[in-house]
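This report refers to the structure that appears directly beneath it.
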């Protein structure tokens, strides 16, 4: 009887895990599985090294470190295998670009194409866009339309990616499209510092690194792939500004 109860419990647990896997974000799921696998392999490798044979255990430890070394959390901790870059600005996995306006500091993830940003001023200052309701985003959109920079264009690019039907919402209809009309106007020449932030590069990056960052970002943000024409234009401009200025 006890075996039957255990079997039923196991089925319930498996069913629950299956539903979690189906609902989970693929990128986050892959990240979590890699962390779990790395920790398990490290633990088994340590046990085998101590209790069985170091010749077998040490390669397993190396494999576990390799799995963890490709995880972005090591970067934020400054541990070997994750790089020593600042959080959000790494040279390898988890590389991010940054675009800043008067109201928004937007970050673009090179690997996943995810966008998020911090509100820099106004009633929602300090909040992340991902934490705002659509009503709060509508209020922020109204705030951005009164500015002469590209804040509204950047916010609309975020909305297009995260709320595809945002233009149909009652609170959004009046100002929708303001950013598209404004994106054609120039906010002045792009500085080298701004170009580096957009491509997620450090000063001194060579032409090869610039081209690789540009290619990686365009795969995520090209209009033909559902991206923003404004962001694609900024990415192209950043490449033009930096090419030929890097280290040789």
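Cβ from N, Cα, C; glycine included.
Model, not experiment: these values are computed from the prediction.
Database features (TrEMBL):
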TRANSMEM  6-22  transmembrane segment
TRANSMEM  29-50  transmembrane segment
REGION    166-191  region 'Disordered'
DOMAIN    194-248  domain 'J'
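Per-residue confidence over the domain 'J' (194-248) averages out at a pLDDT of 81. Secondary structure of the domain 'J' (194-248), assigned with DSSP and counted as helix (H, G, I), strand (E, B) and coil, comes to 38 helix, 0 strand, 17 coil.
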